[in-house]
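**Q** Positions annotated as compositional bias 'Pro residues' by TrEMBL: 29-40. The domain 'Spaetzle' annotation in TrEMBL covers 152-254. Taken from TrEMBL, the feature region 'Disordered' covers 29-59. As annotated by TrEMBL, signal peptide applies to 1-19.
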């Protein structure tokens, strides 16, 4: 008969309960990440705060504002205009299907056609130097002035002009059609508008050849001209007919 020896270990109950209770939780350590702080600049090196620029409003075109060609003149028109839009005018001529119906002009004008009994040669000589140099004495208005040479009673300046810009009867500046191409191209014909301008050289002064006792006075006269025009503030409008008040004569007026 064989007997086996069995060893039995007896563990106290309190020890078993403590073994079954879990211990406090410890989070795993955070992996190491190197830290590189950004540079710190002094205050005087910091960039100023950015403020976006406000939206610029569209430019306003004032049709009553004088153009640059009129800045040094008190005349309501310009005979020369360095900013004249030649390309735009030529382009609009080629695009306007009824342009020929709007346009009309007599380009070659002179006293031979428009002034009776006065030739072009005579009228061209009636200028400021002609009238002011007529006196034989020390004063330009002595007896020889009142007797005077040939000429008009009221000295005037006559020009057969091709106006580039002018003020219409409503006070708006307009571009006047004046197209004379320098080289061959589309719209290559000359489309100009000629106007006879006569301006008093000495407005409100006494008339020549009349004694001062008459109290005569040189008076400026005007006439309305209709010309093919363009609105400088609205070029897309195209050509239209507008009306202008322009100097046409200088007459002697004798009151009662």
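Backbone N, Cα and C atoms are what each Cβ position is placed from, and that goes for glycine too.
Bear in mind that TrEMBL entries carry predicted annotations, made automatically and left uncurated.
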**Q** Limited to the domain 'Spaetzle' (152-254), I'd like the whole-number average of pLDDT.
**A** 91
**Q** Taking DSSP states H, G and I as helix and E and B as strand, how many residues of the domain 'Spaetzle' (152-254) are helix, strand and coil?
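**A** Its residues divide into 6 helix, 50 strand, 47 coil.
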